[in-house]
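Enquirer: Annotations per TrEMBL:
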| type | residues | note |
| --- | --- | --- |
| COMPBIAS | 7-23 | compositional bias 'Basic and acidic residues' |
| REGION | 1-38 | region 'Disordered' |
| TRANSMEM | 110-127 | transmembrane segment |
| TRANSMEM | 154-172 | transmembrane segment |
| TRANSMEM | 179-201 | transmembrane segment |
| TRANSMEM | 207-233 | transmembrane segment |
| TRANSMEM | 245-267 | transmembrane segment |
| TRANSMEM | 321-343 | transmembrane segment |
Amino acid sequence: NLQESESENKLDGETASDSESKSEFGGSAPVPTSDDTPEVLNRALSNLSSRWKNWWVRGILTLAMITFFFIIIYLGPMVLMTIVMCVQIKCFHEIITIGYNVYHSYDLPWFRTLSWYFLLCANYFFYGETVTDYFFTLVQREEPLRILSKYHRFISFALYLTGFCMFVLSLVKKHYRLQFYMFGWTHVTLLIVVTQSHLIIHNLFEGMIWFIVPISCVICNDIMAYMFGFFFGRTPLIKLSPKKTWEGFIGGFFATVLFGLLLSYVMSGYRCFTCPVEFNNDTNSFTVDCEPSELFQLQEYNIPLVLQSVVGWQTLRMYPFQIHSIALSTFASLIGPFGGFFASGFKRAFKIKDFANTIPGHGGIMDRFDCQYLMATFVNVYIASFIRGPNPSKLIQQFLTLRPDQQLHIFNTLKAHLVDKGMLGSLEDA
């Protein structure tokens, strides 16, 4: 019997050390999940098999979520940032709740309170940095904001230090190891959720196209991989996700690259999508208006000789951003799914089907955004490495906040530099 039990554990990916840890921490009872499918859909689809019922439920809810996505895009950047914040809080809640449900028998003191306190501290730090960066003139104009901005990092550190001391004071004999385990759980969750949502906001400020295209590519890949896998899937892809197939993985890749090219072509022609999101100090509102950069101006490219005979064209007019969209869609198709595999491994470790039952047929919010967070990091790194350059408007804003003698020093230095470059007359003529 003991050998059979050990073999069952191994089949489920569980080792002896896992079992020992569970016995030390009180056991990891699986988090219960329930069918939250609306009763209307249950009645309408009652005659279908479970496979096709799940297909229709996922499809209908996917269309509803896509519609909601279009609505919030239409409502503008402020609404998008608010939604990102709400999604972040919900994802954090789902992950922390799993930890609480699995180890709730210990009734750890202050665990939930400290978890939410650290979330508040992390958001204060990251979003305070964003406000200082993108709303610099507004911050300098208001005395309270200027003080908070000047000492922002010190205040953030003091807040975190307070939580750290509260954690130390909450330590209870016989539960030290588990409390430190949950302390690490909270901080890893903050790293995954808060940091990535902060990067999503930064991508949004670079232009809504950098927000919409990557997210849409992940959504497209998720849908198309499911569709190809549902109808053509035969070959298992990875043991962590038994339902994933090579047919779905490959079909999703080609469909996502094509989708990214088409979506990028459509969006590159509209300034509201391509221009950086900036704060107008005169109207105290966001503005999305600029002269499109070279990325979003049609260019003519020569088609390789090998392909000319096939397509019948010698040149092709397209936006340079479409070339970048190939990199984005490729990452969303080939690397992005590993965020989902990581989440699958996490759920299998705790014997749960979904992070929550928030969305019928889809699970929790985290089940839908496990790949999005990985994508957000890639987009931010990609922009910083290949796209972003110095921002003249930000430099001017910072220049105007300097003392007159500092402004004069910078002016003389810049003037001398331009004269040396031959872009201005000599200093004597000036």
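Every residue, even glycine, has its Cβ placed from backbone N, Cα and C.
Please treat TrEMBL annotations as automatic predictions, because they have not gone through curation.
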Enquirer: Looking only at residues six or more beyond either end of the transmembrane segment (245-267), which have a C-beta under 8 A from one in the stretch?
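Expert: That would be 209, 212-213, 216-217, 220-222, 224-230, 232-237, 273-274, 318-319, 321-322, 324-326, 328-330, 332-334, 337.
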Enquirer: Short question: which residues 6 or more past the ends of the transmembrane segment (179-201) have a Cβ under 8 Å from it?
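Expert: Beyond its ends, the transmembrane segment (179-201) has Cβ neighbours at 25, 81, 84-85, 87-88, 91-92, 95-96, 99, 103, 108, 111, 114-115, 118-119, 122-123, 126-127, 130, 167, 170-172, 211, 372-374, 376-377, 379-380.
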Enquirer: Given a Cβ distance threshold of under 8 angstroms, which distant residues of the chain, six or more beyond its ends, lie next to the transmembrane segment (154-172)?
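Expert: Answer is 108-110, 114, 117-118, 120-121, 124-125, 128, 148, 179, 183.
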